[in-house]
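Participant: Handing you this structure, nothing more for now.
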Amino acid sequence: SMRTPTAMIVGLVLCPCGLLLTLTGTLAPNWRQVSLVPDQPMDVVWEQGIWDICRERQSTHDRLCGQADELRYFEQVPVRVAQGLMPSSLVLTLVGLVVAALGVRCWQPEPRHLVAGVAGLVLLLSGLMSLVPSSWYTQELWALPAVPGSTLSVGYSLVLSYLGSCLEILGGLALALSFHHYCKE
């Protein structure tokens, strides 16, 4: 019996990790942090995600989400694009992982290289679909509306989304190497 190729194992490890990171990045409201806001206490930080805005007082850890979007943050194109592409990417990643599981078939003597390769392309695409909004948001982070004079910084959700996208792309590429085996057959 033949062992499962290393590239397939790499793909099956990296892609679920990427899925977990992009899921957290999509749901957690912290793509951008706005701090040192004029006329607010020094320890107040506003956390903006793609679905919610939270206000946290760091000295007491009092956190209140569902804040009013007075500056029309959610109407900005990079935020709207992220709202569309991030969930779509998550769904596509799940589809890719199901197809990958069918192709790798660790319980069978021989993996199906064509199926694993197709899964790799699907996962590569899903990684790109989450990389685009993460990168675009990062590019526009300082241009998105904020109270003048406040300090802006990258939030952890954006970092997780970015890292998850990269893991999915690498995992997808690893699985796509299965086409090489398929062509040799």
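Each residue, glycine too, has its Cβ placed from N, Cα and C.
No curator has checked TrEMBL annotations; they are predicted automatically.
Look at TrEMBL and you will find 1-28 tagged as signal peptide. What TrEMBL records for 81-102, 114-136, 156-179 is transmembrane segment.
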Participant: Which residues, given as numbers and ranges, are at least 6 beyond the ends of the transmembrane segment (81-102) yet have a Cβ under 8 Å from it?
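Facilitator: Residues packing against the transmembrane segment (81-102) from afar: 8, 11-12, 15-16, 18-19, 22-23, 25-26, 31, 50-51, 74, 112, 115-116, 118-120, 122-123, 125-127, 129-130, 132-134, 136-137, 161, 165, 168, 172, 175.
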Participant: So what's near the signal peptide (1-28) in sequence-distant terms, Cβ-Cβ under 8 Å and 6+ beyond its ends?
Facilitator: 49-51, 86-87, 89-90, 93-94, 96-97, 100-101, 103-104, 106, 109-111, 116, 119-120, 123, 127, 130, 134, 156-175, 177-178, 181
